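In what follows, a structure is listed as structure tokens, so that the remarks can point back to it.
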Amino acid sequence: MEQIIANGLYLGAQYALIALGLTLIFSLMNVLNFAHGQMYVLGGFVTYTIVAQFGLPFIVGLFASAIVLAVVGALIEKFLFAPVIRKSKREESTMLLAAGIAFFLDAVILLVFGEKQRGVPKIVNGVLNWDFRIIMPYDRILIGVLAIAMIAGFILFMQYTKAGRAMRALAQDRMAAELMGVDVKRYSMIGFALGAMLAGLVGGLLVTITGINLGMGGPTSIKAFMMIMIGGAGVISGAIAGGFILGMMESIGLTVLAAYGDITYLVIFASLMVFLAIRPQGLMGKPWG
Amino acid sequence: MKRRTLLKTSALAAVASLSFLGMAHAENPVLKIGFVGVTSGPAAAWGISNQRSMETRAAWLNELGGYEIDGQKYDIQIVAFDDQKDPKRAIAGMEKMAQEGIHYVVGPNVDDGAAAVRPVAEQNGIMYFPYAFPKELYTAPASNAVLGMVANYQSGPAIYKHLMENEGVQKVAFVAANESDPLSQRDGGVEAAKALGLEVVSDSVTYQVDTTDFTPVLLPVIQTQPDLLVLSGVSPANAPQLIRSARELGYEGLISTETAQDATVLQEGAGELANGFISVGGASTPELASDAMREFVDRYTKMFGEYNDESNTKVYALEYILETIKANPAAMTDVEAFKTTMDTFEAPNPYMVGDAKLTYVGTSSFGQKRQVSVPLVVNVFKDGAFETLFVAQVD
Amino acid sequence: MKAKLLGLGAFLITVFVIVPWLIAISGRWDFYYTLTSVALLSIASAGVWLTFYIGRINIGQGAYALAGGYVSAILITKAGFSFWATLPLAGLFCAGLSVLIGLPILRLRGVYFAMVTLVLTEVGRLSALALPVTNGAKGITSIPLPGEVSVFGLTLIPDFATLENPKLAFYLVAVLLMVICYAALYRIVNSRLGHLCRSLQQNEELSASIGVNTAYLRVLAYSISSFFGGIAGAMFVAISQSIYPSSFQVADSVNFMLNCFLGGLGYVFGPMLGTLMLYFGWDLLFTTGRFQLLIYSSLLILLMLFLPNGVLSLFERKGVRK
């Protein structure tokens, strides 16, 4: 039992961090960023290149991932999303753009980093074994703690800085924020960069544990979508809750349903549909987000 | 309005110029061999290692002045189509191959694609060499598919038997991704293990291919305390993570798979935890590799920057196609001639030391010779490289 | 009206006469399959477009295409049905299924509906893997080609297995289906039902308040959409003579949606053009080798940048909106 909870918490922490970036972008611009998973993969490969190829310390790789992805995110917002949103009649049209960017990043990653699974050596050795009740390698614990620290840092940033407040205002009511003198263009760009940066950071963190390969992008996006649906789209606390709930669901589901074989994920997904049908706006979302 | 006209014209120009690309010029007549497989997306590693080994071999042969068939030298050209692991695309790819006048195609890489291209291949007179295991592709009335590798229902029993006799394995557990190919391979493995008298303690645990943490997946499996953990049809991306999670959960038994793996990937992903991992490989371990195999690896590395050990099992299909055509030049355009030759064909295996032979086999599995005979080389991973555990033959 | 009829005539002549003629003189026989795929995928996309028309983003069409494919495959192999009988049955099964699924989930809107349908595609794949009737991971293979249909000894449709060129036959059937589906779609959009759907797209509360039965309308539109998905899936099974749980998956669902965006959400024939461009574009880029995906995605981004309202908006005169 303890093991199941520990697994769920660890999974939840990394999921929540992925979902945060996605929900931030969604709340600011009403864009479902299909390329979020690809940004995560790109972040992983940047850290891999720095750590495994150049032999620099892990923390440098992590910073490099954050910076590269923030720049990529800012450029994508400024030159692609902003003009398309301005010109299109229905805002859903940005979904095609996002999918195009996802394909594009996939292609770039394949050409630059190759098709192989990549990973960096363990950053901490050893396994915590608490009387066979909880078995958890130290590097997983470290990554889990780092992820939670980043989530906390992100919340503080959104609560107490000028940029954070501006973005929250934007998310609540774009028009009102603009009237109150918030530089909408600038903060949209910052928000997108921040969201992309979070994706890159998770990629950098996880490359030490699960490694990275170019196929992880699409499925990661879909998982992140599910998390923000559970919690409520565009709500930061919702994304965190959604991440932890999905993590727990997988952890418990895999243990309880293991005996029934191939239906584990079928049950998880189907119950998610039932949940959303009963509560259409997720746990904490505004209806019709 | 102007920009729109510009858009239209430039689109037209782009399309027009594309159709002129890819027309290679050569002095020798060109013999085209096709490849239809997945070279983008999550499973890209499978198809890319496949395509690259073909391209490496073709470039090598062309550098030597071409491949001689019936006194005429041919330049080998590889025509590759990316099916994105979509069976509908795979059919389109096969149609492209027919359009290019190609009669011999390597691929597709997965079960659904291989099944989907069957009608097209048969209508157009194409022999294809899938890396997929469904038996109905190779048993009559089907006759155009040739299994390009050792199937899991052939390698699995050999591995389990070896481990039973040498390591005293009694209890075995299976895990598989919840996709067609791994699940079929798991079912085949379970059947084989039971037939050998092994106790199957867990065979129902599955995982999504995009899983980032395998601890919850493996927890119930490890609790059944197997002596051997079989990762059925595991992709090279998932293998190191599964091994690592199993070891970190305190599992001390054996781990094996029936698919080909890459040593670098295992080393990076699981490090020393992967030591002792058993997988199926080709003939590139130092004990078995011939000079030709070593040169192949060198050339591959030079051409593409980095070798992929999965290619060891994938050097053979092209070699078989070319050697069989050489044995019967009529087969170049006539696949019926190719089929007749298959029954009696024999040539030396250039990639292995000793007097190994290239022949077509499969009579006991499919009732007809529809499988390339490659040595079943079972490798064990040790400190960043593979060592040969044992070698067997499939009939 | 006259112009429209002329356009229709020109289109029919193009697809039924000019295209086969061009293929015959150019010898590009491989285009038959490509165009057959385009026709079938555009039928499924037409369904997605219809759900867009009531203001829902549908990323679940792959599930219905898969279901339709399995219905056809199972009826042919296990119950001995003729393929031609299974084609409408596959559509009807999907329509029925979509009513059951649609009743609860159609209350959702915006991204919530989009995401639920996306999950639905994955549920479809996993169900196909887990259900006993679908033969699980091993799929259903060696499905016979469509057989003969005759009335009083008069052969209406010949047995495909005896045809010299089944490619052409499949092409003609697929295009005929496409024409029928788009005719139906056009009729729906320009009927009272279409007006009501448009009112849903613009403001659901308002239309409910003036007495429109929105719940009924939503389910109706969604089931027509799923019907299209089902017959497209069934037709594909006849061509590939096999079906696996992965025959239609999330990538397909996403592509159906992209087809609609690319063609233009405001135009009935948008999804057809979008499918043609996306699918045919990938095929044409086949010669570019490993840069295929890079070029393909770059073109997609550029198109979106210059024509965010779909390609058909190119032909729209300024200020005139349908």
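Note that Cβ sites are derived from N, Cα and C of the backbone, with glycine treated the same way.
Automated prediction, rather than curation, is the source of TrEMBL annotations.
Some features that TrEMBL has for this protein:
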{"type": "TRANSMEM", "residues": "C:5-25", "note": "transmembrane segment"}
{"type": "TRANSMEM", "residues": "C:31-55", "note": "transmembrane segment"}
{"type": "TRANSMEM", "residues": "C:62-81", "note": "transmembrane segment"}
{"type": "TRANSMEM", "residues": "C:87-106", "note": "transmembrane segment"}
{"type": "TRANSMEM", "residues": "C:111-131", "note": "transmembrane segment"}
{"type": "TRANSMEM", "residues": "C:168-189", "note": "transmembrane segment"}
{"type": "TRANSMEM", "residues": "C:219-244", "note": "transmembrane segment"}
{"type": "TRANSMEM", "residues": "C:256-282", "note": "transmembrane segment"}
{"type": "TRANSMEM", "residues": "C:294-315", "note": "transmembrane segment"}
For the transmembrane segment (C:111-131), sequence-distant contacts whose Cβ falls under 8 Å of one of its Cβ atoms, 6 or more beyond its ends: 56-64, 66-67, 70, 101, 105, 137, 244-246, 248-250, 252-254
Beyond the flanks of the transmembrane segment (C:5-25) by 6 or more, those residues with Cβ under 8 Å of it: 31-32, 35, 168, 171-172, 175, 179
CB contact flag for the transmembrane segment (C:219-244) and the transmembrane segment (C:294-315), at least three pairs under 8 A: no
Cβ-Cβ under 8 Å with the transmembrane segment (C:294-315): same-chain residues at least 6 beyond its ends: 261-267, 269-270, 273-274, 277-278, 281-282, 285, 288
Sequence-remote partners of the transmembrane segment (C:256-282) [C-beta within less than 8 Å, at least six residues beyond its ends]: 34, 37-38, 41-42, 44-49, 52, 57-59, 61-62, 178, 182, 185-186, 189, 292, 296, 299-300, 303, 309-313, 321-322
